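What follows is one structure encoded as structure tokens, with my remarks underneath.
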Amino acid sequence: MNKQIVVLPGDGIGKEIMKSAVRVLQAIAENFNHQFTFSEQLIGGAAIDQDQSPLPQATIQACKKADAVLLGAVGGEKWDSLPGDQRPEKGLLGIRKELGLFANLRPIKAFSPLLHASPLKEELVNGSDILIIRELTGGLYFGEPKKRIPEENAVVDTLYYTQEEIERIIDKAFQTAKTRRKHVTSVDKANVLESSRMWREIVEEKSKAYPDVTVNHLLVDAAAMKLITNPKQFDVIVTENMFGDILSDEASVLTGSLGMLPSASVRTDGVGLYEPVHGSAPDIAGKGIANPLGMILSASSMLRQSFGMEQEADEIENAIQTTLEQGYHTPDLMIKNGTVVGTEEMTDLVIGNLATNEASKCICNSYA
Ligand SMILES: NC(=O)C1=CN([C@@H]2O[C@H](COP(=O)(O)OP(=O)(O)OC[C@H]3O[C@@H](n4cnc5c(N)ncnc54)[C@H](O)[C@@H]3O)[C@@H](O)[C@H]2O)C=CC1
Ligand SMILES: CC(C)CC(=O)C(=O)O
Ligand SMILES: [Mg+2]
């Protein structure tokens, strides 16, 4: 199969972990006789430096033509003093919006060798399997007005949703729950926010069309607590953009590290952008120690969800399981008696544990 993949490494560790994902995909291409063509484009701080824009038109056009997009991470101190609409993060929000990627799927399930790597008790973590479905192109991160109001010595951000935006993400949650353990937890702040009250009404109305799926509602503050005191009660969690952003970083502690979490940002036709949950991690960037597994798992999610390559995705996930069983881990994972390795060595080990591990011959501009 011939697939065109746009890669957006971005900033900080984004560049380091993207190399890992591409190398793993090259090995998969070789093993399964696929042709993956990678085209690297600019986003975030790297794009500001080269093109004076966090999301150049060339990047948007390339992403729109691609079969799928891989994204590393954006942001860093260098660009922190820029106005909000010129920051690297604006490029990330922009590409999600441009591609219409309204649903961000964040699976949280610990690999068995990492059950003891969480600061939470192993018996709490063991058996938990959560999918956070975060609304991605609306809500507080996109609503207007969003500005300083100097004449009032004030500031405003806006939480705006159309009914249609809420309906499509709730449908996505119910449809996805049908393929899992058939339970949806909708998380909101309906005791305070009007947007949450409308969200809750839509969940109730939509639930009538999915009689085999059970549903409950939680306020976001209590949900944050329950995520780490009783995570096994959750199957699918669906929530507003900012709530999902925050809860998923919190939930990552179940897996041992934020660096383990992949995500898929999708729309209804299967087109997707695949990105780890974490950011550009400036505190460890350039040190060669970033955990590449969240990025590699995002690539395997791309194979599964955008390309229908189930066996190939399984091979990557099995190779990660084997590598962790062998005791290898990057320093972010607090494991007793393991062997600490860097980003590149971890990538070599995963590739070495693929069913076959010959070097790839795929077409690749900057990763050959
Ligand atoms: N998707 C994206 O591009 C995102 C970008 N950001 C941006 O990233 C920059 C840094 O933000 P932070 O709040 O520090 O969040 P962060 O997610 O970059 O890092 C939080 C902590 O987790 C660690 N960490 C994250 N990923 C890791 C990995 N793969 N391996 C090992 N350790 C890892 C970092 O070292 C840091 O201690 C900011 O500019 C922010 O706006 C933040 C989140 C998401
Ligand atoms: C720019 C932010 C919204 C990025 C982030 O934290 C995320 O998408 O998880
Ligand atoms: Mg986040």
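A Cβ is built for glycine as well, from the same backbone N, Cα and C atoms used for every other residue.
Caution: TrEMBL annotation is automatic and unverified by curators.
Less than 8 angstroms from the CB of Ala281 (NAD(+) binding site) sit Gly12, Ile13, Ala73, Ala290, each of them six or more residues away in the same chain. According to TrEMBL, the feature NAD(+) binding site maps to 76-89, 279-291.
Cβ neighbours within 10 Å of Asp221 (substrate binding site), excluding its own Cβ and spanning all shown chains: 10. In the three-state DSSP assignment, the secondary structure recorded for Asp221 (substrate binding site) is helix. As annotated by TrEMBL, substrate binding site applies to Arg96, Arg106, Arg134, Asp221.
The Cβ of Asp249 (Mg(2+) binding site) lies under 8 Å from the Cβ of Leu258, Val277, His278, each of which sits 6+ residues away along the same chain. According to TrEMBL, the Mg(2+) binding site annotation covers Asp221, Asp245, Asp249.
TrEMBL lists 4-350 with the feature domain 'Isopropylmalate dehydrogenase-like'. When pLDDT values are averaged over the domain 'Isopropylmalate dehydrogenase-like' (4-350), the model yields 97.
The Cβ of Tyr141 (site 'Important for catalysis') lies under 8 Å from the Cβ of Leu93, Asn241, Met242, Asp245, each of these being in the same chain and 6 or more residues away along the sequence. Taken from TrEMBL, the feature site 'Important for catalysis' applies to Tyr141 (among others).
Within the same chain, residues at least 6 positions away in sequence whose Cβ sits under 8 Å from that of Lys189 (site 'Important for catalysis') are Ser196, Leu219, Val220, Asp221, Phe243. Marked as site 'Important for catalysis' by TrEMBL: Lys189 (among others).
Figure note: comparing Cβ neighbours within 10 Å for the binding-site residues Arg96, Arg106, Arg134, the maximum is reached by Arg134. Cβ-based crowding with a 10 Å cutoff singles out Asp245 as the top-ranked of the binding-site residues Asp80, Asp245.
In this structure the alpha carbons, written CA, of Ile289 (NAD(+) binding site) and Arg134 (substrate binding site) are 29 Å apart.
Close to the recorded Mg(2+) site, the chain also has Val220, Ala224, Met242, Phe243, Gly244, Ile246, Leu247, Ser248, Glu250: residues not among Asp221, Asp245, Asp249 whose Cβ is within 8 Å of the site's Cβ mean position.
Taking a Cβ distance under 6 Å to any atom of ligand 2 as the criterion, the binding-site residues Asp80, Gly84, Asp249 reduce to none.
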